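Novice: Would you mind keeping the following structure in view while I ask a few things?
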Amino acid sequence: MSFIQCENVVKRYDDLISVDHLSLSINKYEIFGLLGPNGAGKSTAIKMICGLLKADQGQIFVGGVSVKTNSIEVKKSLGLVPQEIAIYENLSARENVKFFGKLYGLRGEELNSKVDLALEFVGLTERKNEKPIKFSGGMKRRLNIACAIVHQPKLIIMDEPTVGIDPQSRNHILESVRKLNEMGSTIIYTSHYMEEIESICTKVGIIDSGRLIALGTVEELIDQNKMEDKITLIVDFVPNEMVFELEIHPKIKNVSVNDQTIQVYLNSSETYLQDILFILSKHDVKVHTLKREDPNLESLFLSLTGRSLRD
Amino acid sequence: MRNILIIAAGELLRFFRMRSILLIMFGLPLLLILILGTALSGVFQDSEEGYQLEVVKVTVLNGDEGVFNEMILEFLNLPELQPYMLVEHVDSRDELFEQYESGEIDYGVVIPVDFSESVLSGGLTGWELIEGDSNEKNIVVRTIFETFLSQVNEMQARVLVLGSEEVERLFNQDLNLQFEFSSYVEIGSLHKNKSSTSAMQYYAASMLVMFLLFSGMSAAISLSEEKESNTLFRLRSLPLHPNTIILGKLIGVGAFSILQAILIILFSTFVYGVDWGDNYLTVFYVIVLTIVSAASIGILLYSFLKSSKSISAVYQAIIFVMTFLSGGMVPSLGEFLNSLGKFTINYWSSNTLLRLMIESDSTFILNNMLVIVSISLVLALLAGFVYWKVGYHE
C-alpha cells in the first residue's frame, strides 16, 4: 500500500503547464529522491503534496487522506523543510523549535522533551539558547530541519536541504535523514547533488517539464541506462571545430566543455573511444588525461533530459 | 483559537526582542509629549487660571446733564464692569486729550452735551470713542459701551413710536431708568468641570494616536517580513486554517499597541500630570478602534505594496501627514488645513480623547465615537475584502 499516491495530477499557471499528469506512488519508510532541473515542476509537486497548492486536476493522497479535501489532517502528519531557511532570527534556536512545535499541537512536557530531542538530533543542543543570527549557514540549515521534525512526523519533505553549506554540515544532515528514516519517517528528498540522492535514496523519480520521466531505485535506473558511458578528457586546448565534430558524431549523445576538460556522453565507449581519439588527433589536440566513468544518476539524467541537472 | 493565541504570543515575543523597536514605540512618544508639551505650552491657555484681561483705564468727558445722565453715571460705576475698566472723569476735552497723549489712559469717551435731549427728540446723536493702541483693550471697552448704547437705541425707538411726551411721562411715572445687564442667552459649559486642555494633555492625546497608528505599520511590515524571511511558507505548511496566521499576527500587534497605550497613559498621568478624565472605558474603546483602523490600513498597504521597505516608507508618510493635518504637531494650521484634518483618523481619535479629558458633554463624545466606529468599520471591511481577494501567501 502506497503512503503517498499522486494520480494524474495537473497544475497550470495560465498557459504554462507546471505539472503534467503526474502519477506517482511512494511507499511507507522510503527515502524518495525527486530529481529535476530548475523549473521542472518539482517544487510545484511538493507544494501540492503539502497542501499549499491545489491541483487543477487529479488527486493526491497522503496516508490514505485526500490532500484536496482534508489538507489540515495531511499537514498534521508532515514536516516540511523548505529550500530557503525559514526561521525567526530574533528568537533563540529553542524558541524557534518550540514555537513551531506548539503550532503542531504539542503541549507541556511532551513539547519540551520533543523540542530538546529535535535540537539534539540536529546537533544544536549546546547552542539552543543562542539566536540564529550568530549561526553559520550549516547550523541554520540544521535548525531549519529541527523546526520541521519537532512533532516527529510520518512524512518529511526536504527541499534542497543542503544548499550552500559546508561538507561537515552536509554529512550531518545526510546522516540525520537516514536516522529519521530508520525511526519510521517516510522522506521525500530533492537535491541538485546526485551523490546525495545516490547515497541516501531508496527510490528516485526524475521529473522534467512537469512530467515524471523515470522512476525506480538508483540501481534500477542505472541498469536501465547501463549502455551510457561518460568519458572525461583533459586536453591541452579545445578548438571549436573539434567540439562540433564530436557533437555531430551519431553515437555521441552529449558533449560538455569546461576550460580544458571535455566530458563526452555516449553509448558504449569501448566501441567508440577510438572515434573520439581520432577526432582529437585530427585537430592536433593532445590528451593529458582520459577517464571512463561508470553510468550514474547524472549521466542518466543527462541522457533522459539532454541537459545537466544544474542547468 | 489556541493557534491564533500562539501566533499572537510569538509576535509579541519577537517585538519584545527588538530593542530598537521597543525604544521607538515606548520611549519616543513619551519624549515627544514632553518636548512638544513643554515647548508649545504658551500656545495653550492655562487650564486652571484662565485667561486674564488687563483692566482698561478709561477717561470720560460727560457733558450731558439730561435725563440719561444719572443712568450713564450708574452704568459707568457698575460693579460688574470693575474687573474690566477703571473710569475717571474729566471736565474738558483738552484734559482728556492731554491724558490720552501722555499715555496715562487707554481709552477716552466724550458724551455730548445734548445727548439726552437728542435721544428724547428722536434726533441723531452719538458718543465719541477715542481708541488707544491696544486692539484687545479697544475691543473690551467698545463692546461695553456698545452694549449700553444699544439700550439707549431701544429707548430712542420708543420715542419715535410713542412720541417724546409719552416717553417723558413714562420716565416720570414708572420707568425705572436703571441699566441692567440683561441677556436672553444663558452661558453654560459643555464640559463638566474643565474648560480647556493643557499642552501636555493635547500632545499626550495626539502622540498616543500617532503611535497607535504605527501599530498598523508594524502589522503590515510583520506580514511582509514573514513572507520575505520564508517563515510564511513554513507557517502555511502547518495544520492551520489560512486565517489563523493573519489573525494571530494582528492580535499580537494589537496587544503590543494596547500595552504601549497603557504605558503612555500611566507615564503621562503620573510623571507629566496629564489628566485623562475619568471615562477610561471610552478611552479604551478609542484606542481599540484606532488600532483597528491602523491595522486595516496596514493590510491594505500590505496587499498593494511588495516589500516591507516600501510599506514602511508609505505608511510613515501617511501617519505624518494625518498627524500634521489633524493638528497633532501644531494646533492651529489655518482654516483650510484644519478642515482637511477632519478627514483623518487622528483628528477624530485625538479630539475624542481631548473631550474625554475635559469631560465634555456625552452628546459630543457619542458623536465622535460614531465617526470613529464608522471609519474603523469602513476600513476594516475594505481591508477584509482586499485580503479575501489577495490572500496571505508567499
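The backbone N, Cα and C atoms fix where each Cβ goes, glycine too.
Quantities reported herein were computed from a predicted structural model and do not represent experimental measurements.
Okay, so TrEMBL annotates it like this:
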| type | residues | note |
| --- | --- | --- |
| TRANSMEM | B:21-44 | transmembrane segment |
| DOMAIN | B:168-390 | domain 'ABC transmembrane type-2' |
| TRANSMEM | B:202-223 | transmembrane segment |
| TRANSMEM | B:244-274 | transmembrane segment |
| TRANSMEM | B:280-302 | transmembrane segment |
| TRANSMEM | B:314-334 | transmembrane segment |
| TRANSMEM | B:364-388 | transmembrane segment |
Novice: How about the transmembrane segment (B:314-334) and the transmembrane segment (B:202-223): at least 3 CB pairs under 8 Å, pairs 6 or more apart in sequence, or not?
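Specialist: Since 3 or more Cβ pairs under 8 Å link them, the transmembrane segment (B:314-334) and the transmembrane segment (B:202-223) do come into contact.
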Novice: With CB pairs under 8 Å as the measure, which of the listed stretches B:21-44, B:202-223, B:280-302, B:364-388 comes out on top against the transmembrane segment (B:244-274)?
Specialist: B:202-223
Novice: Can you name the far-off residues of the same chain, 6+ from the ends of the transmembrane segment (B:21-44), with a Cβ under 8 Å from a Cβ of it?
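Specialist: Same-chain residues near the transmembrane segment (B:21-44) but 6 or more away: 15, 196-200, 202-204, 207-208, 210-211, 214, 218, 256, 260, 263-264, 267-268, 272, 274, 329-332.
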